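Here is what TrEMBL records for this protein:
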- 33-55: transmembrane segment (TRANSMEM)
- 61-82: transmembrane segment (TRANSMEM)
- 94-114: transmembrane segment (TRANSMEM)
- 101-207: domain 'Cation efflux protein transmembrane' (DOMAIN)
- 126-146: transmembrane segment (TRANSMEM)
- 167-191: transmembrane segment (TRANSMEM)
Amino acid sequence: MTEPSQPLLIGRGESAWVVDPSERRRLGRRAQVLAGASVAYNLVEAVVAVTAGLVAGSVALVGFGLDSVVEVSSGLIILWQFRHPLPESRERKALRLLAFSFFGLAAYVGFESIRSLATGAEPDASPVGIGLAVASLIVMPFLSWAQRRTGKALGSNAVVADSTQTLLCTYLSAVLLIGLVLNATLGWSWADPIAGLIIAAVAVREGIEAWRGDGCCSPLGGGCKAE
């Protein structure tokens with residue numbers, strides 16, 4: 001199947017705009033580069049977080065590392081979509097796969113948060129975990145912004161959903177940092193599982209929106225041009 005040579009109309013009504021083929025290819029390449037960067041960063045983050053979590057006995061750190069694995073799957077889904085000459089043809093399937101990754105993240109974080117509250121686990125302090133959370137708070141917001149901007153310009157709900165997945169990682173980084181610091185300084189081991197339940201609820205909502213195809217425009221309709 002060859003790439004279309006005609007401009008693509010994105011959105012409907014007065015909010016619609018036209019993207020020419022060369023611009024679509026450029027944006028598609030950018031989406032792949034951003035997805036690749038996300039995969040690479042999250043692979044490193046997953047290894048460091050899980051290792052540090054096992055050493056410290058921190059459920060939050062291990063959960064954060066497994067969340068990074070979900071992030072990797074999200075990036076791989078985008079790479080798979082944009083390897084096709086017509087990425088739009090894989091949009092719906094990509095959104096469904098992203099929705100499952102949101103639901104998986106919510107299920108794991110929710111389960112581990114409840115288990116942590118029930119057992120009253122008190123992990124050791126983890127300077128490595130604190131440093132990792134700070135690094136993610138610096139990197140992830142910029143990556144999420146770039147992904148969202150690219151997704152809106154492409155009219156791709158899947159890329160926008162991937163940016164939301166990255167943004168959730170930022171929230172989890174903040175939750176992890178607060179939990180590790182409070183545990184290390186005040187012994188409040190319950191702080192991060194409470195916040196984790198909130199993150200799980202947000203992940204469920206985002207999964208539902210991805211499943212429905214909400215959140216941005218697509219070639220089939222909508223209107224959310226990149227700012």
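One is the number of the first residue shown, and numbering goes on along the chain from there.
Yeah, the Cβs are placed from backbone N, Cα and C, and that goes for glycine too.
Nonlocal intrachain contacts for the transmembrane segment (33-55), taken as residues 6+ away from its ends with a CB within less than 8 angstroms of a stretch CB, comprise 61-66, 68-69, 71-72, 74-76, 78-79, 82, 123-124, 126, 128-129, 132, 136, 139, 143, 146-147, 150, 162, 166, 169. Of the candidate ranges 61-82, 126-146, 167-191, 61-82 contributes the most Cβ pairs within a distance under 8 Å of the transmembrane segment (94-114). Residues of the same chain lying 6 or more positions beyond the ends of the transmembrane segment (126-146) and with a Cβ under 8 Å from any Cβ of it are 30, 34, 37-38, 41, 45, 48-49, 52-53, 55-56, 58, 60-61, 64, 163-164, 166-167, 169-170, 173-174, 176-177, 180-181, 184. Helix, strand and coil counts under DSSP for the domain 'Cation efflux protein transmembrane' (101-207) come to 93 helix, 0 strand, 14 coil.
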